[in-house]
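Record features, source Swiss-Prot:
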type	residues	note
COMPBIAS	15-36	compositional bias 'Pro residues'
COMPBIAS	40-49	compositional bias 'Basic residues'
COMPBIAS	87-111	compositional bias 'Pro residues'
COMPBIAS	121-137	compositional bias 'Pro residues'
INTRAMEM	276-296	intramembrane segment
REGION	1-142	region 'Disordered'
TOPO_DOM	1-223	topological domain 'Cytoplasmic'
TOPO_DOM	245-275	topological domain 'Extracellular'
TOPO_DOM	297-306	topological domain 'Extracellular'
TRANSMEM	224-244	transmembrane segment
Amino acid sequence: MSSEKSGLPDSVPHTSPPPYNAPQPPAEPPAPPPQAAPSSHHHHHHHYHQSGTATLPRLGAGGLASSAATAQRGPSSSATLPRPPHHAPPGPAAGAPPPGCATLPRMPPDPYLQETRFEGPLPPPPPAAAAPPPPAPAQTAQAPGFVVPTHAGTVGTLPLGGYVAPGYPLQLQPCTAYVPVYPVGTPYAGGTPGGTGVTSTLPPPPQGPGLALLEPRRPPHDYMPIAVLTTICCFWPTGIIAIFKAVQVRTALARGDMVSAEIASREARNFSFISLAVGIAAMVLCTILTVVIIIAAQHHENYWDP
């Protein structure tokens with residue numbers, strides 16, 4: 001009685017999930033197995049292999065039952081699990097995981113999702129008969145000038161309908177158009193191949209303020225005449241320097257050195273203006289001195305008169 005009350009009493013409600021395990025008697029010490037136990041155990045194991053079920057021990061209220069008690073209870077207190085039919089296990093295949101490892105199924109990759117959403121339904125593709133046949137390549141005479149290809153390389157063709165199914169790259173149709181580029185001042189030669197061209201008589205379009213034509217560079221002035229004139233009439237020291245710089249301008253132009261010619265021309269102009277300014281100032285000063293001397297002489301004569 002004491003062994004039966006080791007579990008939960010009947011008045012106390014069971015707290016374990018069904019099915020409830022009945023209280024089990026305490027485990028007895030196992031008896032030594034006989035000599036024929038391996039054969040019987042093998043036979044018993046073989047019997048369970050043939051039946052396709054496996055017996056698993058269950059926990060009772062008093063603890064883990066012994067192997068003898070489990071063998072006595074048999075199918076009444078055991079759970080059976082389905083097992084595959086008895087046959088020779090195949091050998092491990094090459095690259096297979098070791099036994100006891102679970103192999104997860106390999107899922108296919110996610111499909112490509114197009115982010116662009118179309119508001120309305122796609123237009124139906126036109127029938128194949130409506131598409132015009134590609135023009136046959138013809139050898140035509142090209143107009144004089146340079147030919148600039150608008151697209152380099154070859155690409156694929158665009159499918160009928162003008163749209164591409166999601167998941168595939170867009171392929172463009174090659175453009176075989178060429179834009180003739182004519183040099184400036186050359187009349188346009190058009191018309192049919194082999195015919196005479198039409199010469200354009202229209203005036204050139206007006207150029208904006210930022211499109212100024214490059215004019216030929218004018219040679220710098222040597223200022224030789226003004227240098228000689230200022231040397232004779234005004235101030236000869238700076239006039240001689242101006243004449244020397246004017247000669248340097250002509251020498252630089254003869255050898256094609258435009259930079260040296262511009263520098264010498266600027267110096268010849270400066271020295272010529274200096275000579276002219278000094279000469280004008282000297283003339284004004286001489287005039288003033290002359291007037292002062294004349295007035296002083298007249299005053300002196302009037303002072304000494306009786």
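Every residue gets a Cβ built from N, Cα and C, even glycine.
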* Asked: Using DSSP, what's the helix, strand and coil tally for the topological domain 'Extracellular' (245-275)?
  -> 29 helix, 0 strand, 2 coil
* Structure fact -> Long-range Cβ contacts under 8 Å made by the topological domain 'Extracellular' (245-275), restricted to residues 6 or more beyond its ends, are 217, 219-224, 226-227, 230-231, 234-239
* To do: Quick one: average pLDDT across the topological domain 'Extracellular' (297-306), no decimals.
  => 74
